[in-house]
Amino acid sequence: ETEPLTSKKDVSDCNEGEDCKENGLLVRNPKSALRLVEDGNKVHPSQGEKGEAAQISNGYSGVQSSVPCNGMGEVEDAQCTAPAATTTTTTTTSTTCGAEGQQQLMELEDRETWSKKIDFLLSVIGYAVDLGNVWRFPYICYQNGGGAFLIPYTIMAIFGGIPLFYMELALGQYHRNGCISIWRKICPIFKGIGFAICIIDLYVASYYNTIMAWAFYYLVSSFTAELPWTSCTNAWNTGNCTNYFSKDNVSWSPHSISPAEEFYTRQVLQVHRSNGLDDLGGISWQLTLCLLLIFTIVYFSIWKGVKTSGKVVWVTATFPYIILFILLVRGATLPGAWRGVLYYLKPDWQKLLATEVWVDAAAQIFFSLGPGFGVLLAYASYNKFHNNCYQDALVTSTVNCVTSFVSGFVIFTVLGYMAEMRNEDVSEVAKDTGPSLLFITYAEAIANMPASTFFAIIFFLMLLTLGLDSTFAGLEGVITGVLDEFPHVWSKRRELFVLGLIIVCFLGSLATLTFGGAYVVKLFEEYATGPAVLTVVFLEAVAVAWFYGITQFCNDVKEMLGFTPGWYWRVCWVAISPIFLLFVTCSFLSNPPELRLFEYNYPYWTTVVGYCIGTSSVICIPTYMVYRLIITPGTLKERILKSITPETATEIPFGDIRMNAV
């Protein structure tokens, strides 16, 4: 039975500022739950205004419906409709009981949004373009066939990375929730994915910021007339230190160590004071102070939400591109630069027949774009409902891939210069991988350029800004997820929660600040995040495409954008992207990396520890599934059906009110 919106049965008179009971729910201020706007004026239908319609500014009819619960938990049928002059009657129904109903009413209130569209784009670009673009892509590219590697890289981006990137942006923007509570609206039994994502983000924060602390140490050390890693006369140098850039004729022997390497290993990291993971040694107070300052910057950048972080990324996301351009021009003018570029791009077509090349290409594009960390869900949830996230996905992913490619020229022009100075092949110079490529090889090259102090300062500033906006994003994924899941606890205490989160991350980073901290960073980087994130995104893709339904998801996208994703996107979401993720995950698990850092070979037990750390996050998914099935009443079949059926509707904004989509 359908009652008009102006019916006496459903409309209650409430005095200004007083609480009132509507539809079985205690509403503190009914105006915040339903705001009807006509010509910019608020309209509140009274009992005498029978038959009047509430016209919304964008032409859609205004509907507010709810199904209250009686004392026995049974649902009473009740619907409200409001006819509009230009549209057909729309009716929607949602079930709101107890605390869940209160949470939905809170969601009906205006959610914080980005001040400008460019804030969102810069934040996503800043998140996707991080330190890995500068050191990981160039190394993987030349290791896997140079220019030939671009073929598998592009294929994996088109059929794997970009579809997943687009899917997360669309999910976050439509459902407007973080990584935990969003599963109530998609497939509740997979809610453990949200908890797993939060744990993974905490693991990343515990080691990723330590790398920035190293960069900050270098930055402070660069404010000298002569950079400290240019000579062998310092207290930390050994007898093997060889400065082949000196004016004297110096021969480079197999035992020679550059002053830049000794500065990195013996002064910054002090790994010589540790015997490995079983004896990490003490904590470096210099790095601890650097990390404390970095976390302080992070806190005051994100404590107020996207309104503040959206302004900070104007610096942290754009500054690296200015520096990359300066370093690219400088590197191209160095003697021997062409040797590095040739080594970087010279194709080795035989490499394309090797499976590991395709695995590396898939892993690189996946970790570069960064789905699965809850960041894209969180950032997109602050968008306006009809924002063109399809265009955003294409723009940001293209910028990310191009940045990786250009960073290769920045790195390899300098490596060619190093090879020219050493009179060696580029392959001998480019042996360093990961952070060592930046902190040893590139730092040494900068130290021997004219105006070395200037280039050192801007280079390490670039590394800091690359890392900062990625840290903003990772922590925002956790913050949004927790605040959306527990709004009654934390919605008004965001600053306090962020402070607690920062303290937890700092305490979790203490192991990486020890003399053997570099070994811990390497272990976490390889095992704590890699296979865990791949598993999370695989299950996420399966849950959305197969349980929530690809048709329903495409209808959601059409509601936002006005057009339905084509068959290419559907095929990718249903089959190609999950296969892509399964392929990379199985390849990693079947061939775990043999870890080695400097002269230290990781013992076998560290592999077991690494898998345990990775499993500690993924275990949340099956644990929550079991918990969900236990607490759900009914037979096993009924429990499963209820657990894979969305619990709550998504509120869709039409003009100045929000409607429930079912």
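Yeah, the Cβs are placed from backbone N, Cα and C, and that goes for glycine too.
Just so it is clear, the model here is predicted, and its values are computed rather than measured.
Of the cysteines listed (CYS198, CYS232), TrEMBL assigns CYS232 as the disulfide partner of CYS241. Summarised as a single figure, the pLDDT of the domain 'Sodium:neurotransmitter symporter serotonin N-terminal' (42-66) averages 36.
A Cα-Cα distance of 37 Å separates SER368 (Na(+) binding site) from CYS232 (disulfide bond). Its Cβ taken as reference, GLY126 (Na(+) binding site) is surrounded by 27 other Cβ atoms within 10 Å in the chains shown. Its Cβ taken as reference, SER470 (Na(+) binding site) is surrounded by 25 other Cβ atoms within 10 Å in the chains shown. When Cβ atoms from all protein chains are considered, those within 10 Å of LEU466 (Na(+) binding site) total 26, not counting its own. Long-range contacts of the transmembrane segment (150-171) within the same chain: residues 141, 182, 186, 352, 357-358, 361-362, 364-366, 368-369, 371-372, 376-377, 380, 389-390, 392-394, 396-397, 401, 405, 537, 540-541, 544, 553, 556-557, 560, 569, 572-573, 576-577, 580-581, each at least 6 residues beyond the stretch ends and with a Cβ under 8 Å from a Cβ of the stretch. A straight line from the CA of VAL129 (Na(+) binding site) to the CA of CYS241 (disulfide bond) spans 35 Å. For CYS241 (disulfide bond), the nearest neighbour among the binding-site residues GLY126, LEU466, SER470, judged by Cα separation, is LEU466. Close to the recorded Na(+) site, the chain also has ILE125, TYR127, ASP130, GLY132, GLY370, THR403: residues not among GLY126, ALA128, VAL129, ASN133, SER368, ASN400, LEU466, ASP469, SER470 whose Cβ is within 8 Å of the site's Cβ mean position.
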